[in-house]
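Participant: Before anything else, here's the structure in question.
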């Protein structure tokens with residue numbers, strides 16, 4: 001059973017910026033399930049997409065892999081000779097726990113977990129690249145360059161899977177979707193204090209884009225096709241095909 005997320009359950013005098021440290025890594029499975037609507041569906045479908053798009057003797061990347069949920073889903077689904085998965089995260093606490101989880105299961109598809117900044121990783125001969133709720137934590141000025149790098153490293157016909165929290169230009173729609181997300185968190189046992197303090201901690205480090213911004217970026221970089229394939233409230237996932 002996952003350790004319960006109680007990080008923001010008591011009043012904090014000075015709320016610092018949210019970081020993926022040891023405390024977060026310890027409760028991350030509980031936190032993510034109770035915070036992101038549709039997370040399990042996204043993880044399952046990432047495996048389905050990887051099964052469809054992974055090619056023999058190619059690389060599959062999970063950039064910002066955290067505890068390896070997407071990596072494990074893809075490893076269970078990929079059945080291609082010579083295909084390997086490379087997971088990358090810059091949190092030592094996440095990487096340490098991720099390696100333990102990966103090594104707990106045997107598979108014919110090799111997995112390497114790297115502790116590194118995803119902006120510094122070479123993307124080579126890739127058939128599948130996953131950014132699962134990762135891009136939104138990068139400085140907006142760095143996002144286009146990372147996606148260009150991914151595009152350059154993808155094989156023709158390769159797929160990028162990008163899951164993100166979204167903002168919406170229509171103010172009424174945006175507020176409604178935020179409220180529904182908070183209702184989702186309340187239904188999963190988070191208190192008003194927890195919701196408020198988590199929002200204060202994360203608002204300066206997670207800066208979401210609109211769906212239109214994502215699509216425009218994909219188009220400018222050269223992806224031939226992109227679309228939202230899953231959305232629940234203001235969270236969703238897109239694909240972009242080279």
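Backbone N, Cα and C define each Cβ position, glycine as well.
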Participant: From the candidates 39, 166, give the one listed by Swiss-Prot for the same S-adenosyl-L-methionine site as 64, 65, 66, 89, 90, 117, 118, 132, 199.
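Facilitator: It is 39, as the record lists it for that site.
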Participant: Out of 89, 117, which has the highest number of nearby Cβ atoms, where nearby means within 10 Å of its Cβ, if these are the binding-site residues?
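Facilitator: Top count of Cβ atoms within 10 Å goes to 89.
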Participant: Who sits close to residue 65 (S-adenosyl-L-methionine binding site): which same-chain residues at least 6 apart have their Cβ under 8 Å from its Cβ?
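Facilitator: Sequence-distant Cβ neighbours: 71, 87, 88, 89, 94, 98, 113, 132.
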